Structure formats: C-alpha cells, structure tokens
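Look at Swiss-Prot and you will find Gly10, Ala11, Gly12, Lys13, Gly14, Thr15, Arg123, Val132, Tyr133, Lys200 tagged as ATP binding site. Taken from Swiss-Prot, the feature AMP binding site covers Thr31, Arg36, Lys57, Leu58, Val59, Gly85, Phe86, Pro87, Arg88, Gln92, Arg156, Arg167, and the record attributes it to sequence analysis. Swiss-Prot lists 30-59 with the feature region 'NMP'. Among the features that Swiss-Prot reports, region 'LID' is placed at 122-159, with the record citing sequence analysis.
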Amino acid sequence: MRIILLGAPGAGKGTQAQYLMGKYGIPQISTGDMLRAAIKAGTELGNAAKRVMDEGKLVSDELIIGLVKERIAQDDCKGGFLLDGFPRTIPQADAMKEAGINVDHVIEFDVPDEVIVERMAGRRVHPASGRVYHLQYNPPQNDGKDDETGEDLVIRADDQEDTVRHRLGVYHEQTKPLVDYYQSEASANNCQYHKIDGTKAVDVVSDQLSSLLG
C-alpha cells in the first residue's frame, strides 16, 4: 500500500502517519530523514546533496526523486510506504510519475486555516521535558506553568501566529494545487483520492482511514 498524505502544517498528518505505519507495517518516508541517511551513508546521491546543501542551496527535485527511488527499493518498502511532506509541488509530482513511482492512495486532511492557527497558537511547551500543553484542549493546571515542575511554559517559534500564517500561505501557494492534480489522477484511475475532515477527534479520523483503506 503506497500512500501520500496531503494537508497543511498542523492538519494532523503526523499523528495519523504514526497510526498508519503501525496498522499496515509500512515505513514513513520523509525527505529530511532520507537526505540525512544518504549523506551519512556517503552514497553518490547523498554526496551530491551534501555539496548542494553546503553551498546553502536547495536540493533539486531530480536529486530528491533519485533518493526516493533509492529508498523505496529497500526491503522494508516491499509492502508499501507512506510519503509525508513530498511531493510538495506539481513539478515534483510530475517528476515522481515520470520516474515510475506510483501510489495507491492520496489522503487529504482538510482543516480550515483558522482552526490550524488556533491549534498551533494554543500550544505551550515545557522545554526541559518536551511536555506539550494546549490552552484549549489540554491546559496546564496553573496558567503558563508546567504541571510537574512548576517551571515556565514557552511558545515555540514555529507555533507563533505570524509564522503559522506564513507557512499556511506557502502551503496554499505551492502544495494545495496538488489536490486538483491528484483528483485528476484519481479520475484517470491512477490512484484513489480521499478527503478527510481533519477537525474531527484523532480516533475518529483513524477509524475513518481504517475503513477507507481496508
């Protein structure tokens, strides 16, 4: 089972990716992890990527596709894989198709921007332990303080409202067009497209995925 997860940052893809990996026994493939592994292993593609990154440049789609092909040829991907955070753009999706990397299911997590801003802007973190709270869904016992140590909670830079809105803007500009792209692919019977309401409770979303994917 080969799956692509689509959705804005904060839409709940990461949580459901963990669920799908456990249920179907397939690895999650993230481009960041792949790059780090290839560089560490000193593969030809890894060395090429390192040279580009050392110059402060972005790794080309061609290189990333090469890494994806290399990764999905490994034994643990025989039963399928889960792509999260890739492809991000139409050219990347086209390059994947040209490289013969086919997928069975594309799952879009649909969550309104304002809900995502509320989700992320409400997060508070205890830096020393990594404990995460949420002002609305999981508030600390004492405002702004960690339950166990009483130490101050902080807002991560990634969760600041202006940062979240910027990331959402990038998503809508670059990645949202993939929704139309993969809906067209589904119409041509090249994959199945599923749109999930990501505002529902985590276990409800997991159950829905389970019934959709079988």
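Each Cβ is built from the backbone N, Cα and C atoms, and glycine gets one as well.
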Helix, strand and coil residues within the region 'LID' (122-159) as assigned by DSSP: 3 helix, 12 strand, 23 coil
Around the Cβ of Gly14 (ATP binding site), the count of other Cβ atoms that are within 10 Å: 15
Residue among binding-site residues Lys57, Arg156 with least C-beta crowding, 10 angstrom cut-off: Lys57
Listed binding-site residues Gly10, Gly12, Gly14, Arg123, Tyr133, filtered to Cα within 10 Å of Arg156 (AMP binding site): Arg123
Cα-to-Cα gap, Tyr133 (ATP binding site) vs Lys57 (AMP binding site), nearest whole Å: 36
Whole-number Å value for how far Gly10 (ATP binding site) lies from Arg88 (AMP binding site) (Cα to Cα): 15
Whole-number Å value for how far Gly12 (ATP binding site) lies from Lys57 (AMP binding site) (Cα to Cα): 29
Per-state residue totals over the region 'NMP' (30-59) - DSSP helix, strand, coil: 22 helix, 0 strand, 8 coil
Whole-number Å value for how far Thr31 (AMP binding site) lies from Gly12 (ATP binding site) (Cα to Cα): 18
Cα-nearest neighbour of Phe86 (AMP binding site) within the listed binding-site residues, Gly10, Gly14, Arg123: Gly14
